[in-house]
């Protein structure tokens, strides 16, 4: 019989202090310091870009709650992003709400609308899910377009005052720091959610709905939960965008945004928590760089999309992980010539039955 | 009374345009299950090319043909070079065809600018038709007829001809089709080319109806997708019916509650899809 | 009236023109080991899906531990004490073995509602999961992804997951299918060792396994129950022999 390696109960603590734990914590510390120092090294344009990278990274991470982790492909997330933005536009210009109230309202609205999306999508999968979420988002965008009295129609709401924010964080470097803090907190919350029993059970539904429901989970409810969480945090990103830009319009709800965030997630690696964030940073960075040379950024973006579809189906992080694993096993094979394969290695199963009808 | 007639026929005419656009998509998406989000871009391609040629003196019908052929060729290149590798995977297809659409759209923007353009109304179809007290543009009436005729022709081709049988066989079961000697890759290639060619034709006529701009490709694509899915994947008649319905809902939506126009349309579509994913006439959807 | 652990009465399942189960009645008393056998296409897995709640019958009723559960969805029946395995192993492949067990255990307690602490750190989940894995000799693979396990081990894990929920009724859908003789033998011993407080119904193609493990055997053919009895009775029943040999003769 196989040898059971007993893991002592204190193993969890040991893991944090292990080499891997120190490397990871160290990495985060370095990243944190660098992020905080960004504005001191760059001029206002690049600080602006960095701010956008952060909020789009949050949007992509929130999106992935439903996409990579929930296994549900949505083309409708622009709706939640836009709802966050319009909440700012309407609440500030009409009623002068303070930013915390605006944020809370945006989160509630984003979550509520996302929950509706989730409920309506319970019976659909695959391409139908993509189209249904798209249709739903277009319905919301239609409201933005035609309810001109509220939303300003196609022109949107320009000149949104930022007086509600404390003066030190109203724009430029200060706003970057504010965004950094908000994004860091939200990403941390999403990380905690993702690893929690609730977040993991959504992943379970992605893996096998039949197994989860046979275990006693209400899979429909879990799908709606995933959407709700995703919508809430997407709205936060939308709020950050509008305070940054100072205006909101139907462009904030355009389905091109939904397509973009889908590609961020795929490009960065949808099965990795930080993959989508990386995708957002890469594409935004590429846009800035390419735009210094040519007006034809959209063409380049199209090429990026094509390359991603053809070569990067599991994303940059996915490829990186594959490369690391391949190198590791090559290294292991070299260090133990003729060594036994690790226990439980996937030996070929003794023939899966051909007859599966009963 | 006559206003209702005008509204209704306008709605049907718009629906006909949608069907013209969607006809190519019913074939590539409805039949082949290949997602082509560049469909709108080929619509634009046909329209802009025809506009360019006719503005420089080419005969209308030749320009139309050129546009269609260009799009058909472009479509076949995309299919052969990229899409056939992604068979069965919708997400990569979506991302890839979006990329193609972005490139085509941007190149059009670069070459023609962002202001709307319009290919001319087909010669012989300009002007109004007068029936008693009722006046209506001839072109739009003809469009309704063309949509119905197109649906009938494509449906008949698929159902009653050996070519159509080969296409249906290749779509239903690729392996068996190959085993019987049908050259499946060639079939898919040609079918895809027909799809994009039809999109271009719709672009030339649609452009005359509603004019063209670099980003109108996506609006048109969205509506075409909806028409195909609401009608039911694989059903040409379903797509025609759905197109007429969408056209009428859109028209009356704008007339009765203009502030809710787009919302009503898309919300109705969403409600239908949520409850009945297979649309009106599609085969049952298995999870 | 005797209360059966699990019972299906007059179950009919119609798929369009096809009748997968035709007026099937199956009543299993508590603690019994029941084998469900029959040639291919007999409707055995469909019957399981009706009993466990993946399907709603066209006609008929299902009762679980004395309670009518016909209208209840699968997850409700699971919470009432029913556990099942699937014919084609259906596990959470990308997650680790440990996580599969933890999620199964979490479903039983309020743990599954926690949304701020990591899965492994909630209550005693991690410790309980390790206990389960050690019991089934899978502890060495705790942190491997399920898809890396050999097929035989996945089958064992499935049963481990089902048993970890301390069910009162266990449905095993072809537990030894696809296993090597050694693995099948091991699995059979594991099932034989299950306590009699649990009622076990199993679909099996392997006659030896079915007859060794069961107290009673029900035979299905073309959607109908054609015979029922002890393994001895069934193995000598002419109708059963005809059902199997008849098929072989036609083939």
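Quick reminder: no glycine exception, Cβ is built from N, Cα and C everywhere.
When TrEMBL is compared with the stretches A:203-221, A:222-240, the one noted as transmembrane segment is A:222-240. Residues 15, 46-47, 50, 172-173, 176-177, 180, 184 of the same chain sit 6 or more residues outside the transmembrane segment (A:21-39) yet have a Cβ under 8 Å from a Cβ within it. Counting only same-chain residues 6+ beyond the ends of the transmembrane segment (A:300-324), those with a CB under 8 A from a CB of the stretch are 263, 265-272, 274-275, 278-279, 282-283, 286-287, 290, 294. Only residues 6 or more beyond the boundaries of the transmembrane segment (A:127-146), in the same chain, are considered here, and those with a CB under 8 A from a CB of the stretch are 72-79, 82-83, 86, 113, 116-117, 120-121, 153-154, 250, 253-255, 258. The transmembrane segment (A:222-240) shares more Cβ pairs under 8 Å with A:101-120 than with any other stretch in the list A:45-63, A:75-95, A:101-120, A:175-193. When the stretches A:45-63, A:75-95, A:101-120 are ranked by Cβ pairs under 8 Å to the transmembrane segment (A:175-193), first place goes to A:45-63.
Nonlocal intrachain contacts for the transmembrane segment (A:75-95), taken as residues 6+ away from its ends with a CB within less than 8 angstroms of a stretch CB, comprise 59, 62-63, 66, 101-102, 105-106, 109-110, 113-114, 117, 130-137, 140-141, 144, 150-152, 156-157, 160-161, 164, 230-232, 234-239, 241-243, 247-248, 250, 252-259, 261-262.
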